[in-house]
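S.K.: Below is the structure I would like to discuss, written out as structure tokens.
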């Protein structure tokens, strides 16, 4: 590459980066994927390393953030700049970071240095200022020097302390605001947000705090500005003691191998978190060393963000189909030229809704950017408009006017972005999806009734609503099911046993299983703990349907209340409930806060093989005694119950000093519970 070519390429890269920084930071409307942006940054970095003389022509250093264009929100000057983090894309980049730190501190390269490893949440940075223990103001990062005042909306974020005991005279806490995947799924039907990050950013900027509260924003705190504490580990511990939410997964690594292993583990398990992370932040743990290292105008020298490998790829959009969800929402699906993303062949991806197709200007024949995050359904996140060819359909995509399953006219409710089929129980596709939801793990957990079996019974008209599941036992005895493809005596017996085992169910699981719109797992538990019994819940919901005022249940918003009212106003739904009431033993719900058991309020993790019960059964029983059951061992885990063939969870628990019980000790503990009742 000649000098002129390299100079032109640098100018082109700077122009592209400047444009995309404005789109991302000022408008929350990126036109390229994170992976594409990172590739531009990496190319510029390599170009400047190869041609150092180009530094004289580098007229764009990027931005820390940018002041979002929203004149409604007052601006706040930060007491200390909110800097960005320098990115590391490869192991070599991380090695350079560690070497640079040691060199700057005049350390022997062979001497270890403790690194705090924290997940990098893909959200919105904030700074919360406290004076004399009281929350005074909360601001966004903005451009790093000037942020937006989001105090009123931030005050409705769950578990963000308004008062702190034993706090210094002035305290500034920083962290990240984000939205859980389950809350985004509920919101995307009614609001035009492309992803959870954009949804969190848009929600926190609402002038009406009630709207932000209903959207259930969450946060993680990870910084105390100008802290006198000796380490990042001590800072996180102090934040937790003050009542702030902190990362559940953190590692303090004494060598780079451990840090990289943590990066790999979090990359492999990120889909189980329920929120987006896009890398791991490495910080020098010793705060005295942090101060010695200092910062550039853009980045702290004592930290770097080790980004995850790209989970995105570009492929051709062959066609657009639509599918019907259990609540009637019509979701457009991208039919793709098959492409390998992260080791999985992807041929279909979600397009979210009609508004997203229009906003991104997606057309059949386009080269589209597809993102796959763990077990989350792949989604189209953008279009490479520069690659649009003559074969791309010139007209905008026309959304169907009728349901592809039942032929009913589609409609869109005021204030919603999703098109919907309102035929409900007369729509076969909705019935199918409702049954799948009903038997899912967090519903009645009928293990022997999988997707193919459900489709078979629905298509054969043996199931027309969820209550029909419990008449299958009788129907199977009158049909020659074993003659059907895929059915044998063993699978039939397993199915009948699974249905029999599911007839006893906790109230919260039952409410969730009904698939009522806006009533997810968390909301179902809040409702169940409020009413305690099935009969009390049904009485209250019947009164609600008859026009009486709703009960005040903390955490249950107006949309959820109206959805419950609509559900109990349907004669079809009431008939199904009546049948289920006759078929099931619905257990009363025990509120965690009022359970007197020795495990009430404790976080318990099960691992290995238990002899007397399955881990799922053990977890359910622990929850009825007021315990919280986790999937991974963290510093917040209280007890690990280890069966035979326990793996890495046992090693982690021992390393963290967490109480470990074998199955016999666990059963002895449960005996003390039963003896006290």
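Here the Cβ of each residue, glycine as well, is placed from N, Cα and C on the backbone.
Residues or ranges marked as NAD(+) binding site in Swiss-Prot: 34, 35, 36, 37, 38, 84, 85, 118, 141, 176, 283, 307. Annotation source Swiss-Prot lists active site, N6-AMP-lysine intermediate at 120, citing sequence analysis. The Zn(2+) binding site annotation in Swiss-Prot covers 403, 406, 421, 427. Look at Swiss-Prot and you will find 594-677 tagged as domain 'BRCT', backed by sequence analysis.
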S.K.: Could you give the Cα-Cα distance between residue 85 (NAD(+) binding site) and residue 120 (active site, N6-AMP-lysine intermediate), in whole Å?
M.R.: 10
S.K.: Considering only the recorded positions 36, 38, 120, 141, 283, which residue has the minimal Cα-Cα separation from residue 403 (Zn(2+) binding site)?
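M.R.: Closest recorded candidate to residue 403 (Zn(2+) binding site) by Cα: 36.
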S.K.: Helix, strand or coil at residue 406 (Zn(2+) binding site), per DSSP?
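M.R.: Note: residue 406 (Zn(2+) binding site) is coil by DSSP, not helix or strand.
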S.K.: Round to a whole number and give the Cα-to-Cα distance in Å for the pair residue 283 (NAD(+) binding site) and residue 406 (Zn(2+) binding site).
M.R.: 56
S.K.: Check the Cα-Cα distances from residue 427 (Zn(2+) binding site) to the binding-site residues 36, 38, 141 and tell me which is shortest.
M.R.: 36
S.K.: Of the recorded positions listed here (120, 406, 421), which is spatially closest to residue 38 (NAD(+) binding site) when Cα positions are compared?
M.R.: 120
S.K.: Mean pLDDT over the domain 'BRCT' (594-677): what is the value?
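M.R.: The average pLDDT of the model in the domain 'BRCT' (594-677) works out to 78.
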S.K.: From the centroid of the CB atoms of 403, 406, 421, 427, the recorded Zn(2+) site, which same-chain residues not already listed sit within 8 A by their CB, in sequence order?
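M.R.: Once 403, 406, 421, 427 are set aside, the remaining close residues are 324, 328, 404, 405, 407, 408, 422, 423, 426, 428, 429, 430.
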S.K.: With H, G and I counted as helix, E and B as strand and the rest as coil, say where DSSP puts residue 421 (Zn(2+) binding site).
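M.R.: Assignment for residue 421 (Zn(2+) binding site) reads strand.
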S.K.: How far is it from residue 406 (Zn(2+) binding site) to residue 141 (NAD(+) binding site), counting Cα to Cα, in Å?
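M.R.: Residue 406 (Zn(2+) binding site) and residue 141 (NAD(+) binding site) have their Cα atoms 49 Å apart.
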S.K.: Could you state the CA-to-CA distance between residue 120 (active site, N6-AMP-lysine intermediate) and residue 421 (Zn(2+) binding site) to the nearest Å?
M.R.: 39
S.K.: Under the DSSP assignment, what numbers of helix, strand and coil residues are found in the domain 'BRCT' (594-677)?
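M.R.: Within the domain 'BRCT' (594-677) the tally stands at 34 helix, 18 strand, 32 coil.
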S.K.: Name the residues of the same chain, 6+ apart in sequence, whose Cβ is under 8 Å from the Cβ of residue 421 (Zn(2+) binding site)?
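M.R.: Listed in sequence order: 324, 328, 330, 403, 405, 406, 408, 410, 427, 429, 430.
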